[in-house]
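Engineer: The structure follows.
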Amino acid sequence: MATGEKKPETEAARAQPTPSSSATQSKPTPVKPNYALKFTLAGHTKAVSSVKFSPNGEWLASSSADKLIKIWGAYDGKFEKTISGHKLGISDVAWSSDSNLLVSASDDKTLKIWDVSSGKCLKTLKGHSNYVFCCNFNPQSNLIVSGSFDESVRIWDVKTGKCLKTLPAHSDPVSAVHFNRDGSLIVSSSYDGLCRIWDTASGQCLKTLIDDDNPPVSFVKFSPNGKYILAATLDNTLKLWDYSKGKCLKTYTGHKNEKYCIFANFSVTGGKWIVSGSEDNLVYIWNLQTKEIVQKLQGHTDVVISTACHPTENIIASAALENDKTIKLWKSDC
């Protein structure tokens, strides 16, 4: 059930229309976004673990420790359906590029591929020997990559459900896996303190990113253009890396992240921001270039474990743990 938020009159009056002269092709990043709470989505009965917008922008998928996936309208927060079948809690969910399929990663040691329109499980991917924690489709959506507490990364064939490769990737649980934009590379992160880049075709490790220190790496993803890698570590830090040079370019701090694997995002529909949840129950938004905190979103009553940015609109989805169990949709003018 989604509940709408009323906008105070004064706030609406402050939102002046932008003069048309500034409507150039490549807009400079505005000073600050103005994300405001629009909807609160309630339905999960345990901690929410992950939220992801469909690539076509229509839907939001959420996964939870309650073993369920829920689908919601991306623009109105309207509940659409529940997808069930896992025996234990789900840590992650991801969409195929055509927005027709979902893959989920569960503590029951399996991944499942779902047809979203029917809610049917098409394939169960078996092979990991411990909790499956993270998953993603490649852009072509013929492959799935998964990471597990068994310390391995696996590459799966979507059509057959067979495991094509098992990478002995890390020496501790794998916290995140992500393909770059042409699917040729995979980045993985782990509690062992490493970020590794893999050649998808051969399964070879091409690069290991190491900084001075090596706190557990709790999340990683490629930037939309594939040149950079955003990595979160459990010392309250997000870092932007130049992948080819193996150099850290930017550091984002001010949030709290010492315990949980919290998702982070590149927001590119308006200004260029970095977005992350936090253990102080807030959503943090940084200016990507200047590294300044430009907004903090207040409303959740527990750790904000997951955030997602809409593919075309200035919309953020956020989700929180056990004491909250809700998903919130926020919208900004820039």
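One is the number of the first residue shown, and numbering goes on along the chain from there.
Backbone N, Cα and C define each Cβ position, glycine as well.
The following feature annotations were taken from Swiss-Prot:
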- 1-12: compositional bias 'Basic and acidic residues' (COMPBIAS)
- 1-31: region 'Disordered' (REGION)
- Ala2: N-acetylalanine (MOD_RES)
- Lys7: SUMO2 cross-link (CROSSLNK)
- 17-28: compositional bias 'Polar residues' (COMPBIAS)
- Lys27: SUMO2 cross-link (CROSSLNK)
- 43-82: repeat 'WD 1' (REPEAT)
- Lys46: SUMO2 cross-link (CROSSLNK)
- 85-126: repeat 'WD 2' (REPEAT)
- Asp107: site 'Important for interaction with histone H3' (SITE)
- Lys112: N6-acetyllysine (MOD_RES)
- 128-168: repeat 'WD 3' (REPEAT)
- Phe133: site 'Important for interaction with histone H3' (SITE)
- 169-208: repeat 'WD 4' (REPEAT)
- 212-253: repeat 'WD 5' (REPEAT)
- 256-296: repeat 'WD 6' (REPEAT)
- Phe263: site 'Important for interaction with histone H3' (SITE)
- 299-333: repeat 'WD 7' (REPEAT)
- Glu322: site 'Important for interaction with histone H3' (SITE)
Engineer: On a C-alpha basis, identify the one among Lys46, Phe133, Phe263, Glu322 that is nearest to Asp107 (site 'Important for interaction with histone H3'); the candidates are the recorded positions.
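Structural biologist: It is Phe133, whose Cα lies nearest.
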Engineer: Establish whether the number of Cβ pairs under 8 Å between the repeat 'WD 1' (43-82) and the repeat 'WD 7' (299-333) reaches at least three, counting only pairs separated by 6 or more residues.
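Structural biologist: Contact between the repeat 'WD 7' (299-333) and the repeat 'WD 1' (43-82): present, because at least 3 Cβ pairs are under 8 Å.
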Engineer: Pick the one among the recorded positions Lys46, Lys112 whose Cβ has the fewest other Cβ atoms within 10 Å in this structure.
Structural biologist: Lys46
Engineer: So what's the average pLDDT for the repeat 'WD 5' (212-253)?
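Structural biologist: Mean pLDDT for the repeat 'WD 5' (212-253): 97.
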Engineer: These are the recorded sites: Phe133, Phe263. Which one scores highest on other Cβ atoms within 10 Å?
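Structural biologist: Result for the most crowded candidate: Phe263.
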Engineer: If you count other CB atoms within 10 A of each CB, which of Asp107, Glu322 wins among these recorded sites?
Structural biologist: Asp107
Engineer: Do any of Lys46, Phe133, Phe263 (recorded positions) have a CA within 10 A of Glu322 (site 'Important for interaction with histone H3'), and if so which?
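Structural biologist: Checking each Cα against Glu322 (site 'Important for interaction with histone H3'), the hits are Lys46.
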Engineer: Tell me, by DSSP, whether Lys112 (N6-acetyllysine) is helix, strand or coil?
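Structural biologist: It is in a strand.
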Engineer: Can you grab the distance from Lys112 (N6-acetyllysine) over to Lys46 (SUMO2 cross-link)? Cα atoms, rounded to a whole Å.
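Structural biologist: For Lys112 (N6-acetyllysine) versus Lys46 (SUMO2 cross-link), the Cα atoms are 20 Å apart.
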Engineer: Go ahead and report the DSSP secondary structure tallies for the repeat 'WD 2' (85-126): helix first, then strand, then coil.
Structural biologist: 0 helix, 25 strand, 17 coil
Engineer: What's the CA to CA span in angstrom from Phe133 (site 'Important for interaction with histone H3') over to Phe263 (site 'Important for interaction with histone H3')?
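Structural biologist: Pair distance, Cα basis, whole Å: 12 Å.
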Engineer: Using DSSP and three states only, what is Phe133 (site 'Important for interaction with histone H3')?
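Structural biologist: Strand, per DSSP.
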